[in-house]
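Features reported for this protein in TrEMBL:
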TRANSMEM  A:12-33  transmembrane segment
TRANSMEM  A:53-75  transmembrane segment
TRANSMEM  A:87-104  transmembrane segment
TRANSMEM  A:110-128  transmembrane segment
TRANSMEM  A:140-160  transmembrane segment
TRANSMEM  A:199-220  transmembrane segment
TRANSMEM  A:240-264  transmembrane segment
TRANSMEM  A:302-323  transmembrane segment
TRANSMEM  A:329-348  transmembrane segment
Amino acid sequence: MEKMPKWADVVLIPLISLLLAAIISALVILGIGEDPVAAVKLMIDGALGSTYGWGYTLYYATNFLFTGLAVSVAFHARMFNIGGEGQAMLGGLGAALVCLYIPWPHWSMALAGGAIGAAIFGAAWAAIPAYLQARRGSHIVITTIMFNFIAAAVLNYVLVNLLRPAGSMDPATARFPEAVHLPSLHEVLAPLGIEFSKAAPANVSFLVALAACVFVWLLIWRTKLGYEIRAYGKSEQGALYAGISPFKITMIAMLLSGALAGMMATNNVMGEAERLVLNSTEGAGFIGIAVALMGRSHPFGVFLAAILFGFLYQGGAELALWTKIPREMIVVIQALVIMFTGALDNMVRMPLEKIFVALRKGKA
Amino acid sequence: MDFLTLIQVLDSTIRLATPLLLACLAGLFSERAGIFDIGLEGKMLAAAFFSAAVAAVTGNVWLGLLAGVASSLVLSGIHGLASITFRGNQLISGLAVTMLAQGFTVVIAQRWFQQGGRTPSLLTEGRFGPINLPFAEAVSDVPVFGPIYSELLSGHSILVYLAFAAVPATWWLLYRTRFGLRLRAVGENPEAVDTAGISVVGLRFAAVGICGLLCGLAGAYLATSLQAGFVKDMTAGRGYIALAALIFAKWRPWHAMGACLLFGLLQAVALRFQNIELGGITIPVQMMDALPYILTVVILAGFVGKAIPPKAGGEPYVKER
């Protein structure tokens, strides 16, 4: 029998973990001589108080949706894809090539083409670690870490030596043509009569990310393949016995994961920068891990967690602007969330289980 | 390439290999006891900051070293708490430790020094000075041997000599002492160790503690010897290169030294020559940056001898009742 009701596992534990992370973050802010209550107010005001703030919050959230889903899909097959960062970098390269070298007549086609290009490059970057895991037993965590660094070197080489326009000192591609420009949320919502900030970078790829959420939910819980992925993740022995090929599941789960991470490029490369720059991913691949852990690898949970982290990112930027709290405070909060929801899960779970068992005994 | 250039490149190889070696041996102790540690980077970074900060404030590099090691040990304690006591996921814990250090160091540096997340530059007394080996001056004019002795081997900071001395010490501790036997056993078969009445938890915490100590030395070396002060993210992936070296060396101390020297050489060459011409083909500098990681993947793939990690690595131990 389960020791705890399901709602406690899915809602209560993440909330308590989040609360612990928040308490320690508040102590850190106190420790550097700032007021945590004022900081939270400033963050809420800056990230959610205006459509401008929302525009940034949703822009960051879009990145985290893609990388969070990427980590989640791999988690379902019990693999830890720590390489979302590298896959997203390569996805950026794929999207940039598609945008630069194919004359797109309309943004919607460019978005589809760019998304496919990004997904293929991201998946390809995940394919080698996946193959080595499935066939040679090389630990996927270590290989994907290594591939993050190799991706950074590849991107550096390509931008400095191949794609940099002549005469430019900046290691970045040329600006994408005008036809590739993705509508911002301002342009999407204006015909509906909704006023949305013009300056904020949130764009139509937010809707692509939402579609990806639905797609992952359908895939994992409503298809045979999703069932096989989950079965393999629960028990490799059991899956093998049921005739599920570990090689096939490992490859498919990782390719999907890489493709999702790569598709982040529709937002940060095509939607915002409109060219490929070095370090365009800004660590979003790692935040995906926090998002997947917080969201319990469920697309809806990932959605909520991505919005939360989008809020933290935009709020953190506001803090850095108006107070003496540096932007890196967000990295601390992110680390605490990963620590409490991921590694120290049992610290919260064990006492809670005891409480629930005691309660049940009391009733019986 | 003339002889003097060669000596200079090898000299900087030794300097650059030192932090890798210390961190690699740190990982070796932890992983041999069955605790994966991808948080070497974070522990080094924390130690680099606290050693530089304390050395800058007090002007005493030894106090700085102490503070660096202490900060690294605290992070080790967190990793141990998460992965040994609460049987959490060691990889996630390692990642969180690294992120924690990446954020914390800048937040505190900004609060203490207001210089954009760095410490003030360290003056002479805040750094580890070079140690000149005996007769280094006297023999420097002897051909071949002279430069090798006085340029290459002499004149490094004490932490360099300590790092290389740690290699035989690690070998001896792991393969010639009872503690070492038990430590290796706990990484392969913790049940057997437990059956023999020895504490698995105690041994693993000891290993994680040694790991913290060595990472602390590595970080302190970065900030107080190799460079003069802390800058944001100054470890620049060295913790992961050390991890790569550990796999490359297949978790053995002498091989770890070889792997770290090799990766140190790659860094030294990349630093000195930007693009390398080899028989008409230009090897770009980015290739040199990526080579340690590529080599590690090749080794992991088992094409050049298989790298088999300690058997119980990454698995929390649950005592049977």
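Placement of Cβ uses the backbone N, Cα and C atoms for every residue, glycine included.
All annotation found in TrEMBL is predicted automatically rather than curated by experts.
Here the transmembrane segment (A:140-160) lies next to the transmembrane segment (A:87-104) in space: the count of CB pairs under 8 Å, restricted to residues six or more apart, reaches at least 3. Annotation: stretch A:12-33 has the most Cβ pairs under 8 Å to the transmembrane segment (A:329-348), among A:12-33, A:53-75, A:87-104, A:110-128, A:302-323. If one looks beyond the transmembrane segment (A:302-323) by at least 6 residues along the same chain, the residues whose Cβ comes under 8 Å of a Cβ in the stretch are 34, 38-39, 42-48, 53, 56-62, 64-65, 68-69, 72, 209-210, 213, 287, 290-292, 294-295, 329-330, 333-334. Against the transmembrane segment (A:240-264), stretch A:110-128 has more CB pairs under 8 A than any other of A:53-75, A:110-128, A:199-220. Contact between the transmembrane segment (A:199-220) and the transmembrane segment (A:87-104) is absent: fewer than three CB pairs lie under 8 Å, with pairs separated by 6 or more positions in sequence.
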